[in-house]
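**Student:** Straight out of TrEMBL:
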TRANSMEM  B:23-46  transmembrane segment
TRANSMEM  B:53-78  transmembrane segment
TRANSMEM  B:98-117  transmembrane segment
TRANSMEM  B:124-141  transmembrane segment
TRANSMEM  B:172-192  transmembrane segment
TRANSMEM  B:222-239  transmembrane segment
TRANSMEM  B:259-282  transmembrane segment
TRANSMEM  B:294-318  transmembrane segment
Amino acid sequence: MDAVLKAEGLTKEFKGFVAVNKVDLTVERGSIHALIGPNGAGKTTCFNLLTKFLQPTRGTITYDGRDITRMAPADIARLGMVRSFQISAVFPDLSVLQNVRVALQRKRGDSYDFWRSERGLTQFDDEARAHIDAVGLSEFTDTRAGELSYGRKRALEIATTLALDPAMLLLDEPMAGMGQEDVERTSALIKRIAANRTILMVEHNLKVVADLSDKITVLARGEILAEGDYDTVSKSPDVIDAYIGAGHD
Amino acid sequence: MSVSDIQPETNERRPATAGMPKLHMAIFAVLFVVLAVLPMLVYPVFAMKVMCFALFAAAFNLLLGFGGLLSFGHAAYFGGASYVAAHASKVWGLSPELSIIAGTLAAGILGLAIGALAIRRQGIYFAMVTLAFAQMVYFFALQADFTGGEDGIQSVPRGSLFGIFPVDSNEALYYLVLAVTFGGILFLYRIVHSPFGQVLKAIRENEPRAISLGYRVNRYKLMVFVLSASFAGLAGATKSQVFQLASLTDVHWSMSGEVVLMTLLGGVGTVFGPLLGATIVVTMQNYLASMGAWVTVIQGVIFVLGVLLFREGIVGVISKWLKRPL
Ligand SMILES: Nc1ncnc2c1ncn2[C@@H]1O[C@H](COP(=O)(O)OP(=O)(O)OP(=O)(O)O)[C@@H](O)[C@H]1O
Ligand SMILES: [Mg+2]
């Protein structure tokens, strides 16, 4: 197995506060890799650094053998590494169908065609509906995304991300706010899409993490505490300490 | 016929891919008919002025309502184009359509230069950068030789359309202005309802998400800025042919403010709001012209009342009430 994403000495300081400290992370191609840790550990900040929404203070990032440390976030997505957001990110005033189509539109190329009718976008409808179906949102196809429940927004976000057919997905708490049924469906979906993709995900639901991930990295106070499969990590005294020390989350 | 064409109308849940909604089509049709007979009812120059400002406000609305960018320097494109078109007609002797094209292109190029610098800034800083550059354009117009300083460019000849059809009379010019402004407004409508417009809406609603999908949002912002500047220029260039004049008023910062006022009053982000807003403001200025400086005060009061009473603008409120986008 080879590494698809590699971070070395990744560090982010916010006005003197070190949110991520010398993190070395290697994500194997085709694996499901979980990033866990107590609240405020720096997981989302790591995601922001890896997808270049934040510029690291120090360290390097390599994706698919290419140094991406200085690249722009939109270009990271174009390389096939697409992220989701912890706070559900949909286009609230667009319908569910339109949300997914925005991704399909991008995949086709760019959409600077201001002189064409949007009617042409119906060419993406069938493909969009298939993605919407896969996350169980078919009956909401024409609903405004802003009107969906929280869990359904998350599902829409996954459908939109998958529409880009990315080689690598970074999912930030994809199941937060979902009911049991949706968690199960989303777990199954993630397992299925992982067949030919790499997934790095942040998730607080440890049962999901145990069930899905090939490898787990535990982060606390911006530093890596432990790494390995679920059994190794869950037995690590450092990890037990960190979780108990951080209180109840 | 595509599937969406035969879907029933169910207002807001209706997919946006069904072409122009019947309601919009009907309003545009009525508007066109009214404008076609308007010169028999009102003074044509007044009607032409309203149409030019309606186009100007619609162009501004593209940027603010759909690009989410508040420019406080749109007079630069409106007025800049007006000077270029006036100069083209008077000094170069170009026919009106070529002068209008020249003015529009100049505004687009100016928009490209200013926009490229401004879109790097956000929110109020963006507005300030656009204002600063517009002030530079104003001082240029005041100082440069070909702009005629305080006098502006006066007695611009109207010439003949394509060098063949004379448009000296207000009646003849009216139909040229109607074609240009109405066509411009319909084109702006198309931009909003194009694949490009769809991406603009996505960026406006959730910029980080659009970036994470791989959209280089600054290019879209620059593009919408240039388009908006160009159509503002089209409006200004046309106006210079109507009044046979390009003057400092057109590039003054208060002109930038007026277009903000028109758009907000009518309803930012709506299709018909800016047209109504422009009509109200121009009509008001026309009838209150004798009151001198009071016009500004009354305009200010109306603006404050309008914003307090209808936060979403007049058309915005009606649209909410009818539960249909207008
Ligand atoms: N832009 C910022 N400016 C200053 N501090 C920040 C910024 N972003 C994050 N932080 C801080 O960095 C730390 C790590 O935050 P981060 O959001 O990465 O944690 P997390 O592991 O994702 O937590 P959670 O599980 O609650 O999502 C926190 O203490 C947070 O307050
Ligand atoms: Mg987080």
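We number each residue from 1, going along the chain as drawn.
Including glycine, each Cβ sits where the backbone N, Cα and C put it.
Predicted automatically and left uncurated, TrEMBL annotations should be read as such.
Please go over these features one by one and say how buried each is and what sits next to it.
**Tutor:** Taking Cβ pairs closer than 8 Å, the transmembrane segment (B:124-141) reaches residues 69-76, 79-80, 83, 110, 114, 117-118, 147, 248, 251-253, 256 in its own chain, all 6 or more past its ends.
Here the transmembrane segment (B:259-282) has long-range neighbours at 24, 27, 31, 46, 49-50, 53-54, 56-58, 60-61, 64-66, 70, 72, 74-75, 78, 185, 189, 192, 232, 299, 302-303, 306-307, 310, 312-317, 319, 325-326, meaning same-chain residues at least 6 beyond its ends whose C-beta is under 8 angstroms from one of its own.
Beyond its flanks by at least six residues, the transmembrane segment (B:294-318) meets 261, 263-273, 276-277, 281, 284-285, 288, 326 of its own chain at Cβ-Cβ distances under 8 Å.
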**Student:** Taking contact to mean 3 or more CB pairs closer than 8 A (sequence separation of 6 or more), are the transmembrane segment (B:23-46) and the transmembrane segment (B:172-192) in contact?
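**Tutor:** Touching, yes - the transmembrane segment (B:23-46) and the transmembrane segment (B:172-192) meet the threshold of 3 or more Cβ pairs under 8 Å.
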**Student:** Using a Cβ cut-off under 8 Å, which residues of the same chain at least 6 positions beyond either end of the transmembrane segment (B:98-117) come close to it?
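**Tutor:** Hits for the transmembrane segment (B:98-117): 73, 76-78, 80-86, 88-89, 92, 129-130, 133, 137, 159, 180, 221-222, 225-226, 228-234, 236-238, 240-241.
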**Student:** In terms of Cβ proximity under 8 Å, which residues at least six beyond the ends of the transmembrane segment (B:222-239) contact it?
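**Tutor:** Cβ under 8 Å, 6 or more out: 48-49, 52-53, 55-56, 58-60, 62-63, 66-67, 69, 71, 74, 76-82, 84-85, 99-108, 110-112, 114-116, 118-119, 177, 180-181, 184, 187-188, 191, 196, 200, 250, 259.
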